[in-house]
Amino acid sequence: MLPSKMQINKKLLPIKGHFFFFNAGTAPLVPYLSTYARQLGFSSATVGLIYTVLPIFGLIAKPLFGVIADRFKKQKIIFILFQIITIISFGSIYLIPENRSWTVELDCDGGVTMLQSCYKNKDSVDMCKVSSLSNQSSDATAICEMNCDMTSPKMWQTVCEHWHLPQYCYSDTNNIQYTSSVTNVTLKKDNCAYIMANNVTLDGHMFSPQCRLGGEYVDVNEPCTFKCNNTKLSTAIGTEKVNMTCIDNKINYKLCSDNNSQLTELTKQPFNSDCEASCDLDVNMPWRLMEICEWWKADTASYCQPKTKQGEDFPKNLSFTGIILLAHTLAEDECVYMRLNHIELPDGNGHVTTHYPNCESRALYAMKSELFQSSCEIRCNNAVVNELMEGASESRSDSSKEYTSQFWLFFLLMILSWIGQAVVVTFADAICFNLLGPKVSLYGKQRLWGSFGWGIFSLLTGVLIDLFSDGAYKDYTIAFILMFVFMVGDVGVSCFVKTDSTKMSMNILADVGTLLSSLPTFIFLVWTIAVGMCTGLLWQFLFWLLEDISGLSCDGASYIKTLQGLVSAIQTFGGEIPFLFVSGYVLKKVGHINMMSLVLLAFGLRFILYSFLVDPWWVLPIELLQGITFGMFYPTMTSYATIVSPPGTETTVQGLVGAVFEGVGTSLGSFIGGQLYGTYGGWITFRSFGIGALVCCGLNWLAFFILKDKIGHARVPTGYSSVIRYEQPNDMVYMLEDMSEARSS
């Protein structure tokens, strides 16, 4: 049997288990949700907007469901119900489809098709990734699924003429009729006569019948009936058919006859004749029609409009598998180019055919758009290729286009998860205080289990995410699995928690006028807002800054989640917990007013140090300042709120302070930080907030110095011991009950 001082209080085991499992379940996700939102494609301004609105829902949900629980005596049921809601909402976020395809443009360089991804400016191009691809072996490839816009007839012309995709280029035109003006006849060594066309009239329009021959070009070699108004020419042709062919870049009609004397007679003198031509076209070779349309420049003719088999619509998109040669990756100005070596697509008969996407050199065209006017959605099996295209798309993205169904679904689930966490944390505090009875000083020892769960599993999750991910794209599956396992464990443990009728303060905004009539209290609330703004920026955008800095090196993406996990661990074990344990002693020695200025000073120093980071690993020693900016801030805020509270209004004041901190301070910090981050980047944003914190520090010290005779030296109440960390941003309001309970005891 254990000595009496070492006996285990079995009544408190379930609430200890709840704190551990709940924080171990939220730690794998909550610190990484802002970066997960970034991977979903949301900008910093959008993420900041989300985290501006979320605290408002938490503040509404806490008193609302507290009233319901007290009114109907269903505290435990609601407690467990919102744990389940948290599990479902978090799990549903995982099911939101990621936008893992991006847009590239097709470009032509030296007769080969290139994929073009252009950034907002040249400095945005990640040369590390470009070099890593261009240094690959000559046969290294990436396989990409592509879907290209084909609304341009010129693009279909290129596809038909150069890519040779007959199944997409069938025309219902198997015959073309026009009037050809011919001038002279030449007899070649093959004993065939070649009748040269001077001009042609097609659909009432006159064209110059140019053509090309050789290499990759096609010979328009099609049989034609020829009816001419020149008697000698008409007699020589008779019932024979002539072949439309190409000689010296001019359309000629080849006539082979057994009667060479008639052919020889035609060559003796030039003549002019108009001939009605009716030429058969092989529908299996539609590029020959395209050859006519292109070189005659007869795009206006009805024959030259893209068509498919009769009765079918012309496809507006072309989907295929593209194979990229990685060694042919290069950056030019603000654009990155990758060579599309060949494509593969089904032929409709169960087989996959290979085609080489040759193209016409841009120099032969008046404008680039005359050949390539197509953009393609693309997704590749190479992480670096995807990251380059994603970076280009993000740098040119329009934030107004982010508000898609994907965004609203993510926003809704974030609201539900935030409300779930807010209610669970609120009820857990109330239940814990009820179980402790008059021994409220033991609250910290119960809550400590939550801090351990948070610190351990936020670090472990970061390491595992890096381990199971490829490059900068992170696979968060393990984070959602850990969340599910521990949150289900929390539901199981919570079933054994005993609850009695518990009073919870719900009147958050009462006595506002009385409090604001006191100038020191007003200054204290302004200080709370300033610290809340700094905290909001820290919560939402510190990990963004670390990702951006790690991206400056070529190997940064491989370790970033491990580093972020270490940041959370050092914040918890190296900063918060030690300072929380000694916070009561420190406040007695330093005083609340001086500590308020020190908190802002620490935030200013911390943010300015962030703004000079070029190696993300140097963030780790900076995180020791978390001991002051969090470990000392919360005891200072809660105990000072108790000191200035008029008799009988302690809980109201505590609630108001928490509402000001979370609902005003962190919301503003998230919103303003998101706007600044999107416009000026991470370094300038943190430096601006750091300078602002230092200015607020000076103003706070000056204000209290002027009012020192009215305030006196605030001391810590004798019942105060410590407050252990609430890990989520929506824990703040009800952690304050620790101080009011301590005072009442």
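Cβ from N, Cα, C; glycine included.
TrEMBL: automatically predicted annotations, no manual curation.
A quick note: this is a predicted structure, and the numbers were derived from the prediction, not measured.
Summarising the annotation, TrEMBL assigns domain 'Major facilitator superfamily (MFS) profile' to 506-745.
Counting only same-chain residues 6+ beyond the ends of the transmembrane segment (12-33), those with a CB under 8 A from a CB of the stretch are 83, 86, 90, 93, 414, 421, 424-425, 428, 431-432, 435-436, 446-458, 460-462, 465, 476, 478-480, 482-487, 489-490, 493-494, 496-498, 543, 561, 564, 568, 727-728. Look at TrEMBL and you will find 12-33 (among others) tagged as transmembrane segment.
What TrEMBL records for 45-65 (among others) is transmembrane segment.
Residues or ranges marked as transmembrane segment by TrEMBL: 77-96 (among others).
The feature transmembrane segment is assigned by TrEMBL to 407-436 (among others).
Per TrEMBL, the feature transmembrane segment maps to 448-465 (among others). Within its own chain, the transmembrane segment (448-465) is flanked in space by residues 16-17, 19-24, 26-28, 31-32, 474-476, 478-479, 482, 486, 561-566, 568-569, 571-573, 576-577, 724-727, which lie at least six positions past its ends and keep a Cβ under 8 Å from the stretch.
TrEMBL lists 477-497 (among others) with the feature transmembrane segment. A Cβ distance under 8 Å defines the sequence-distant neighbours of the transmembrane segment (477-497), meaning residues of its chain 6+ beyond its ends; these are 14-15, 17-18, 21-22, 24-26, 28-29, 32, 76, 79-80, 83-84, 86-87, 90-91, 93-94, 431, 453, 457, 460-461, 464-465, 468.
Sequence-distant contacts of the transmembrane segment (518-546) (same chain, at least 6 residues past either end, Cβ-Cβ under 8 Å): 31-32, 34-35, 38, 44, 47-48, 51, 560, 563-564, 567, 596, 599-600, 603, 607, 610, 613, 616, 619, 629-630, 633, 637, 640-641, 644, 656-657, 660-662, 664-670, 672-674, 677, 682-683, 685-686, 689, 692-693, 696, 700, 703-704, 707, 710-711, 729. For 518-546 (among others), the entry in TrEMBL reads transmembrane segment.
The transmembrane segment annotation in TrEMBL covers 566-586 (among others).
Here TrEMBL flags 598-618 (among others) as transmembrane segment.
Marked as transmembrane segment by TrEMBL: 624-644 (among others).
The transmembrane segment feature in TrEMBL is assigned to 656-677 (among others).
Per TrEMBL, transmembrane segment is recorded for 689-707 (among others).
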Out of 77-96, 407-436, 566-586, which stretch touches the transmembrane segment (45-65) the most, going by CB pairs under 8 Å?
407-436
